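Read the structure below first, then the notes.
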Amino acid sequence: MAKHVAVLMGGLSAEREVSLCSGAACAEALRGEGFEVTEVDVDRQIGERLAALRPDVAFNALHGRFGEDGIIQGVLEMLAIPYTHSGVLASALAMRKDRARDVLAAAGVPIAKGVTVDRLEAAQRHILPPPYVIKPLGEGSSFGVFIVREDQAYPPQELTRSDWAFGNRVLVESYIGGRELTCAVIGEKAHDVIEIKAVGGGWYDYDAKYRKGGSIHILPAELKRNIYQNVQLLSLKAHKALGCRGVSRTDFRYDDRPEGTGELIVLEVNTQPGMTETSLLPEIAAYAGLSFGELVRWMVDDASCDR
């Protein structure tokens, strides 16, 4: 009898639309692998709905708040439904950028200089010498992110808007020039490294991430062998330091510009990497010889409680 997999998707976060795309792609692939699949658009009644549905496995295709921060993981633990990806603690730590920085720094993972402040304070003065980056503490997909350039006299005033939806605390980090890199961990192995270039020379924002043709992916990244291996080593080190399970994807900046510092810096660890047709994790898996169907099947087989 085929396993019944509930694909959790949509949800209540700013990343809802991305999650719907991830969930639809995963559901289609799981059906192709012979699973019985129910697509579940997550709302505040999700506990009651899952208790009634009683799937064998919950495939977590959620992104952002309530799906990536330990909350849905806690619900699934209470219901004793095995689930994919990381557990409660790792999800909560990775989602909170300030807490993740503390854990990574303690593990010897290189991170950018940064400080956490109130968003209104960040709008009043330059917290760090420009260039720097302002990020909400608990959002993904580049929502609410600003790059403050050296020629900007004032910080972004969007931070003062009454309809600001990304929390009152923000992380201010030094901007690291150079190349954008990412590496996926699947199970206990760090796979190949991608260099990401936004089309038009801009930064890797929401449009570059999710619009088809919005970015160029160079796989494998053209790096010196020691740098390439260090990216893989640090990806696995970050994955383990946070206690991640299943899959994760770690983003880096590598400043190899002629005038640069040579730094290789971890930006963040994603415990719920995108699973859309333009997403990086499926691309890395495919390069390793793992089809999208094989990837989602492996994730279902890896599912458990107490993660």
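Here the Cβ of each residue, glycine as well, is placed from N, Cα and C on the backbone.
Keep in mind it's a predicted model, so treat the numbers as computed, not measured.
Residues annotated as domain 'ATP-grasp' in Swiss-Prot, with sequence analysis given as evidence: 101-301. Summarising the annotation, Swiss-Prot assigns ATP binding site to 128-182. Taken from Swiss-Prot, the feature Mg(2+) 1 binding site covers Asp251, Glu268, and the record attributes it to sequence analysis. The Mg(2+) 2 binding site feature in Swiss-Prot is assigned to Glu268, Asn270.
This view paints the features noted in Swiss-Prot onto the structure.
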{"residue": "Leu128", "record": "ATP binding site", "CB count, 10 Å": "18"}
{"residue": "Lys135", "record": "ATP binding site", "CB count, 10 Å": "23"}
{"residue": "Ser142", "record": "ATP binding site", "CB count, 10 Å": "16"}
{"residue": "Arg149", "record": "ATP binding site", "CB count, 10 Å": "10"}
{"residue": "Asp163", "record": "ATP binding site", "CB count, 10 Å": "5"}
{"residue": "Val170", "record": "ATP binding site", "CB count, 10 Å": "30"}
{"residue": "Gly177", "record": "ATP binding site", "CB count, 10 Å": "14"}
{"residue": "Asp251", "record": "Mg(2+) 1 binding site", "CB count, 10 Å": "19"}
{"residue": "Glu268", "record": "Mg(2+) 1 binding site", "CB count, 10 Å": "20"}
{"residue": "Asn270", "record": "Mg(2+) 2 binding site", "CB count, 10 Å": "23"}
Alpha-carbon distance [Asn270 (Mg(2+) 2 binding site); Arg149 (ATP binding site)] in Å: 26
Pairwise CA distance, Ser142 (ATP binding site) versus Glu268 (Mg(2+) 1 binding site), rounded so that it is a whole Å: 12
Alpha-carbon distance [Asn270 (Mg(2+) 2 binding site); Gly177 (ATP binding site)] in Å: 21
Length of the line joining the Cα atoms of Pro156 (ATP binding site) and Glu268 (Mg(2+) 1 binding site), in Å: 22
Cα within 10 Å of Asp251 (Mg(2+) 1 binding site) - qualifying binding-site residues among Leu128, Lys135, Asn270: Asn270
